[in-house]
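Per Swiss-Prot, domain 'EngA-type G 1' is recorded for 4-167. Taken from Swiss-Prot, the feature GTP 1 binding site covers 10-17, 57-61, 119-122. If you look up Swiss-Prot, you'll see 175-351 marked as domain 'EngA-type G 2'. Feature annotation from Swiss-Prot assigns GTP 2 binding site to 181-188, 229-233, 294-297. What Swiss-Prot records for 352-436 is domain 'KH-like'.
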Amino acid sequence: MALPTIAIVGRPNVGKSTLFNRIAGERISIVEDVEGVTRDRIYATGEWLNRKFSLIDTGGIDDVDAPFMEQIKHQAEIAMDEADVIVFVVSGKEGVTDADEYVSRILYKTNKPVILVVNKVDNPEMRNDIYDFYSLGLGDPYPVSSVHGIGTGDVLDAIIENLPAQEAEENPDIIKFSLIGRPNVGKSSLINAILGEERVIASPVAGTTRDAIDTHFTDPEGQEFTMIDTAGMRKSGKVYENTEKYSVMRAMRAIERSDVILMVINAEEGIREYDKRIAGFAHEAGKGMIIVVNKWDTLEKDNHTMKQWEDDIRDQFQYLSYAPIIFVSALTKQRLHKLPEMIKAISESQNTRIPSAVLNDVIMDAIAINPTPTDKGKRLKIFYATQVATKPPTFVVFVNEEELMHFSYMRFLENQIRKAFVFEGTPIHLIARKRK
C-alpha cells in the first residue's frame, strides 16, 4: 500500500531541512555504518495520529548549479507532480519575498492542499508579523520555530486533515516488484521482455496510486505478481523528468511499495554513484534485492569477464552481499526466464519464520565458536533471541547490556544465522534489547 506523500518546498535558507528533520524525528535512521549506504536525508517516513506518510525535502533534490528561480520552479513542479499535500515554507524573519510570491502562484494552480508554514518565528512577538503572508493567497499561515519544535504539532494536524482517504490493504499473497536504475539502463525493455517471457495477458491496474502503472500477471505455476512502474518512467514532455535527481524520487516511491527490487545496471556504462545511492535506499528499507546487469550482450567477454564484474559489484555494494547477481539482455532475452523464479525465492526468504528453539540453538553454537566480547571488564551476555517480524526477517536478541553488543559481533551473529537458514536476496535485521 502506497503511503501518501508530503512535499516540503520553499526558497533556500527558510529552514526546509530543519522542518523535515523535526517532522521525521528519529525515523530517519542509518542502520549500518557501511561505506556506500546513502546518508542522504531527502526522504523519510513520518507518522502522526496513527497515519504514516512519506516526506520529501525537495531542497535535497535540487540542482544547486541551476539558476535560482529555476531551482524553485523545479521544486514546485516536483511537488505538483508527486505530493498529496504540499508544505510551503517561508521565513518569518524576512517577510514576503518575490521568490515566495513566485512559488505561491505556481502552487495556487495545483489544486492540491497547500499548508503555508512561516518558519523562524522564534519568539512570541514575531507572531504579529505573520499576517503579511495572507497576501500569498494560500490560506492561514502556521507560525513555526523548527529549531525549537514550536508549532510543528499544528502543522502535522493540518497535514493529516488534508491527506487522502486510506487505501485498502493489498493482497499479501501477491509479490510486488519493481525495476529501478538510472535513466537509459534499459528498464522499459526489461519490463516488456519479462512480460513477454511470461506469455500471459498483462493488464494495467489503474487507480492503485496516483502516479503508478501497476501491471498484474500470473506465472504458469499460479503465482500472482504486481510489477510496479511509475508514470514518470514512461510519459514524456517534461524537461526535468529524465534527470537523475528527479528519477531518485520516482525510484524511492517504487521501492516503498515493492517487496523485491530489481536494481538494473547498464553493462555498457558500469556502476555509477546513482546506482549505489538507490541501492542504499532499498537496503535501508529492508527490501529484497536482485542486482540485474543488463545489456550483457553488448560487451566483449572472455572467461573472466563475469567473475570480474561480480567481484567489482561485491566490492562496491558490500552491504548487498545477500543480493544475487544476474547478467541479462533484454534484447536477446538471455537469462530473463530466471527472474520470476528468483523473485519468488526471495519473497519466500522474506517471509521465512524461524522457531525460537531452532534460532537459539544457532545463537548458542555461534557463541561457542566466537565468545561474546567484553568491554572494560564486563562481558556481553546473550540470554535468548526471537524472531519478531518478516519482510525483512527481524530478530531481537535479549542481552544484559545493549552497549556491549558491538556492531562487529552483531554482524557475526547475522552471518551465522545466514549460514544456518536460507535468506537469499533479503536483508535481515538484528536488534539488541536489554532483558528486563
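Here the Cβ of each residue, glycine as well, is placed from N, Cα and C on the backbone.
Here the features listed in Swiss-Prot are painted onto the structure.
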residue: Asn13; record: GTP 1 binding site; Cβ contacts under 8 Å, 6 or more apart: Ser91
residue: Val121; record: GTP 1 binding site; Cβ contacts under 8 Å, 6 or more apart: Gly92, Arg127, Ile130, Pro143, Val144, Ser145, Ile150, Gly151
residue: Gly181; record: GTP 2 binding site; Cβ contacts under 8 Å, 6 or more apart: Lys187, Ala251, Met263, Val264, Ile265, Asn266, Asp275, Ile278
residue: Asn184; record: GTP 2 binding site; Cβ contacts under 8 Å, 6 or more apart: Asn266
residue: Trp296; record: GTP 2 binding site; Cβ contacts under 8 Å, 6 or more apart: Ala267, Phe327, Val328, Ser329, Gln334
DSSP-derived helix, strand and coil totals, residue by residue, for the domain 'KH-like' (352-436) | 31 helix, 24 strand, 30 coil
For Gly10 (GTP 1 binding site), the number of other Cβ atoms found within 10 Å of its own Cβ | 27
In this predicted model, the domain 'EngA-type G 2' (175-351) has a mean pLDDT of 79
